[in-house]
Structure formats: structure tokens, C-alpha cells
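Student: Structure incoming, see below.
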């Protein structure tokens, strides 16, 4: 068996085309464009790449992007003041603060300072809580993107056993909630999990997000499983995932590549969340 490749690039292109079409329909009625404020603190090279990708997507689909590039020594109070100003700016529908932040800034405080209806990253406790209660509004972009990729396979997820490798706030925890919402039986593994290989070998769906290259071994994969690799690791100048790709591809029914799998979907779902926040904002005016 050789797995079908789930192209995040192709699915993301469809998602963004649909968003662009909806924005054109609004602007044709003399409505303003959606607005996304993107805040970058410091010059972390990986963060710059991610932020530029988000700004480029905004330009492509008709979202007005507002850039706030702040020096690395920016204080917490200064950043919170900018967020407070954007919270009250009617031309801004979404606020994104690129993580990680410099050590002098408390990321939790920053996340909670963004009003929930502009939290297009889906990190605010209010939005995470909505997902936990089965009434999601703005959803965490990477897990939301993973669900779109799973949807693209045409496989009915209800009743399948999903194993999430990694329990981070950004991927693992909201991912488990998304899979639960889709009717999966969910196991979450983490750094203290015993016999990880056994848990992975039981999975109909494996979602790996630990940030360790080739951490999930191909031999652990159950024949016919769906494998979603969230990891992006640079090794000897190449990008590789958290899953041992070639060995897993030989056993899986579907698999995402790295790059070109989950990465493009994270940006696409950020655009989707921005459109959703914009639509809610328009209705409230």
C-alpha cells in the first residue's frame, strides 16, 4: 500500500479562493474590506517567514493587512496598549500576535488582552472554552486546518480512534477537542506517556505535533491509518516533519507531506477566521 498524499497546498488554495469570492461580493456592495492587524515583536527569522506568508495571503484574497513590526526590546505595557487600541478599531476585525514573544512579555497576558471576537488565532480561553463546549466560534487555526484536510479525504471520521501525539495549547489540546467534536474516540499522548508506540499502533488517525524530527516511527503506523504531520523541523537545510515519512507512507491510507501539508492550511484558516470575524462585525454594526 502507498498512501494517497493529502495536499494542503491544494486544499488551502480552494479555501482561499472561496474566501476571496465572498470578500468580492461584500466589496461589490460597497462594504469595506476585512481588516487583519498582524503584530511581530523582534526579528526571529522563522516568525518573519510566517508573518510574511500571512500578509501575502491577505493581499491575494482582499483582506486589508495592518503591520506592526516592533523591536525585540518592546515592553509588555507598550504591546498591551497597541492591542487595546486595536480592540476598539472598527476597521480591524482580527488581531494576530505572532508567537513566540520575547521573554519580557507574558504571552498568556497578551492572548487574553485580545477581545475574543477579534482573536483570529483562536487562542483566547473564551474561544477554546467554546470549542470544549461543542459550540465553536473562532477556532485554533492549525487544528481547524487539520479537520479540513481530514474532511478532504471523504472518510467518515465518526467512531474512528484518533491518537494525538503532543499536548500543546496551540496544537494538541484543541486538536483533541476538534476530533472529539467530529465523533472520534480520542487518545492524547505527551512526554510522560508510557509505550507511545503501542498507542500510535492502535490509531485509525494519527496527528503528530511535537516538534521533533522523525519522532513517530513508520513501523508504529497501523496499516490503512490516516497520518497528519503537523511538525515542521529544519534538518541539514531541509524541512521534515515529526513522522518518519517514507516508512509511514508505505503503511498509511492517507498522509500529509512536509512541507505542503498542514502549513498552508494554518494560514488559510487564519484567513477563514478573519472573514468570519468580519461577517460577525458587519452584522453587529
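Each residue, glycine too, has its Cβ placed from N, Cα and C.
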Student: Which of these, 91, 191, 201, does Swiss-Prot list as part of the NADP(+) site with 166, 167, 168, 232?
Tutor: 191
Student: DSSP secondary structure for residue 167 (NADP(+) binding site), reduced to helix/strand/coil, please.
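Tutor: The three-state answer is coil.
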Student: Count the Cβ atoms, other than its own, that fall within 10 Å of the Cβ of residue 168 (NADP(+) binding site), considering every protein chain shown.
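Tutor: I get 16 for this one.
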Student: Which one is it: of the binding-site residues 166, 167, 191, 232, which Cβ has the fewest other Cβ atoms within 10 Å in this structure?
Tutor: 191
Student: Please state how far apart, in Å and to a whole number, the two most distant Cα atoms are among 166, 167, 168, 191, 232, the recorded NADP(+)-binding residues.
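Tutor: With 166, 167, 168, 191, 232 as the binding residues for NADP(+), the largest Cα distance is 18 Å.
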